There are 2 protein chains.
Amino acid sequence: MKFEVTILGSSSATPVYNRNPSAQLLNCNEKFYLIDCGEGTQQQLIKYGFKASKIDFVFISHLHGDHYFGLIGLLSTMHLNGRIKPIKIFAPAALMEILDLQFKHSETILRYPLEFVAITADTAQLIFENSDLTVSTIVLNHRIPCTGFVFTEKKRLRKVIVEKLEEENIPLEYYPLLKRGVDLTLPDGTILLNKDYTTDSDEPRKYAYCSDTLCDGSYFEQIKDCNTLYHEATFLHEMLERANQTHHTTALQAAETAITTGAKKLLIGHFSSRYKTLQPLLEEAVSAFENTQLAQEGSTFQI
Amino acid sequence: MKFEVTILGSSSATPVYNRNPSAQLLNCNEKFYLIDCGEGTQQQLIKYGFKASKIDFVFISHLHGDHYFGLIGLLSTMHLNGRIKPIKIFAPAALMEILDLQFKHSETILRYPLEFVAITADTAQLIFENSDLTVSTIVLNHRIPCTGFVFTEKKRLRKVIVEKLEEENIPLEYYPLLKRGVDLTLPDGTILLNKDYTTDSDEPRKYAYCSDTLCDGSYFEQIKDCNTLYHEATFLHEMLERANQTHHTTALQAAETAITTGAKKLLIGHFSSRYKTLQPLLEEAVSAFENTQLAQEGSTFQI
């Protein structure tokens with residue numbers, strides 16, 4: 001099953017040096033989940049060849065503008081482009097108030113249902129579930145209420161032993177049921193015991209998105225054992241005091257978080273505009289946790 | 001005196017084909033006036049090498065999102081970048097409500113004074129004046145209240161006859177006063193009669209911005225004799241019915257408006273996303289009014 005994330009924005013606070021404010025597009029089994037939506041996200045979707053119409057779920061971490069100013073434009077474009085299928089938005093309650101006020105004054109009555117789910121930053125909770133994955137919140141520690149999100153695959157399908165099935169001329173049509181653990185009786189009475197033709201599925205994969213936070217460990221339990229951890233790394237560690245003041249994280253702290261929580265891969269982003277080049281941030285993180293990459297615009301990462 | 005406009009966005013409704021929603025930057029005597037502010041305007045300013053910090057005046061024509069969704073981001077960036085000098089915004093009253101709600105939920109208290117002037121679309125009026133120019137509204141006919149803007153230079157300076165002044169060794173320091181029409185007595189008692197050393201100033205220049213409107217002639221009186229007329233031309237004339245329904249203008253109508261109102265130059269913009277290339281729109285307008293140009297991103301026009 002496809003489970004990958006494309007970075008649409010890596011900048012903190014303001015767009016700068018061709019970096020856009022926060023936004024990521026998660027593709028899980030060809031369903032599209034937008035995570036944060038800074039100004040210009042719809043332009044970024046066009047730039048990297050994604051159709052906004054494919055997005056059915058939006059998750060907004062908090063109401064600092066660099067994480068949501070692009071949402072009203074994206075929703076308006078969907079409306080103008082004739083969307084009729086619903087969209088579901090998970091965000092702090094006040095965002096609906098902000099959207100409603102803007103729709104009111106443009107006299108826009110959306111052609112599609114907008115289902116708004118208000119999330120709070122009090123406790124971590126399961127907020128979404130479908131056949132592919134679950135989404136839970138992470139309670140972060142920022143200047144205003146802020147949640148991250150953990151995307152966890154549902155239990156994955158068993159793996160069929162293709163060579164054996166081909167050798168016994170078992171038609172492809174049987175594979176999906178075998179993957180689901182079913183024993184099969186063929187038309188000629190032959191019984192295929194699932195255990196003989198499949199092996200255990202891989203562990204479900206897990207992606208955590210930690211947008212803006214003081215790196216105080218309070219949320220580590222919620223992001224344990226990620227296959228891929230995205231963690232903000234606004235500053236170099238020499239700016240630790242500034243990071244603490246503004247409730248942000250340094251690249252070194254992000255790397256240490258990956259180690260402590262047992263992440264397999266770390267993506268860092270939300271870079272301060274003071275950094276024209278990002279290499280120093282990457283080097284700092286890699287010095288502590290080697291499997292770190294820059295969450296830069298246009299990059300896609302397998303989770 | 002510099003009097004020029006740079007196009008930051010030429011798209012109607014949605015960003016598409018590298019075209020951004022409406023925004024223009026007027027430079028009058030090195031003071032900067034932003035006209036409309038679609039999503040991504042701050043990114044466009046960066047792209048074309050302008051400093052947002054130089055903008056002191058913003059004019060918003062109406063509250064369809066493609067004309068103002070970028071303003072909250074621009075104002076936030078000015079705040080984050082340490083702006084302290086005031087900014088003055090002329091816009092429909094509800095925009096202040098929308099901005100306030102967003103500042104409230106991000107707990108932003110602007111470091112600089114934001115002076116908001118509510119404009120209405122009832123009657124054309126003078127809304128701004130300084131030593132360089134005046135700004136008046138144009139009452140347009142759109143689906144929601146909408147005003148255009150006329151920027152008119154103040155009476156221009158007299159032109160000094162440089163050859164004569166140089167021949168008589170009159171120091172450069174005297175030129176500014178001569179340009180202002182003053183007669184001068186030199187230290188040696190020589191009298192310079194202004195009329196002998198200057199000629200009449202050129203006529204003050206005039207730029208009109210007609211954002212979104214049904215082309216019904218109701219506003220023609222307000223845009224008479226422009227040096228440069230910007231007029232929306234959302235559609236080709238074959239789409240006249242659609243233009244009328246949506247209260248927009250065709251390229252041919254924009255050209256006819258330029259003729260009727262005595263414009264010297266016409267800029268057309270606000271192009272529908274149905275037009276991948278803009279040549280047909282330009283050709284249609286040029287067929288009726290030759291001195292027409294496409295108001296495309298990054299182009300600067302002398303008024």
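Please read every residue number as a count from 1 along the shown chain.
Every residue gets a Cβ built from N, Cα and C, even glycine.
Automatic, uncurated: that is what TrEMBL annotation is.
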In TrEMBL, the residues B:Asp66, B:His67, B:His270 are said to bind Zn(2+) 2. Which of B:Asp132, B:Asp200, B:Asp202, B:Asp212 is said to bind at that same site? B:Asp212
Between the binding-site residues B:His62, B:His142, whose Cβ has more other Cβ atoms within 10 Å than any of the rest? B:His62
Determine which residues of the same chain, besides B:Asp66, B:His67, B:Asp212, B:His270, have their CB within 8 A of the center of the CB atoms at the recorded Zn(2+) 2 site, and list them by sequence. B:Ser12, B:Ala13, B:Pro21, B:Ser22, B:Asp36, B:Gly38, B:Ser61, B:His62, B:His64, B:Ser211, B:Glu232
Among the binding-site residues B:His64, B:His67, B:His270, say which ones reach under 8 Å of chain A by Cβ distance, listed as they appear in sequence. B:His64
Rounded to an integer, what is the Cα-Cα distance in Å between B:Asp66 (active site, proton acceptor) and B:His270 (Zn(2+) 2 binding site)? 10
Once near-sequence residues are set aside, which residues in the chain of B:Asp212 (Zn(2+) 1 binding site), 6 or more away, have Cβ atoms under 8 Å from its Cβ? B:Ser12, B:Ser61, B:His62, B:His64, B:His67, B:Leu140, B:His142, B:Cys146, B:Glu232, B:Thr234, B:His247, B:His248, B:His270
Give the three-state DSSP assignment (helix, strand or coil) for B:Asp66 (active site, proton acceptor). helix
Reduced DSSP assignment, B:Asp212 (Zn(2+) 1 binding site): coil
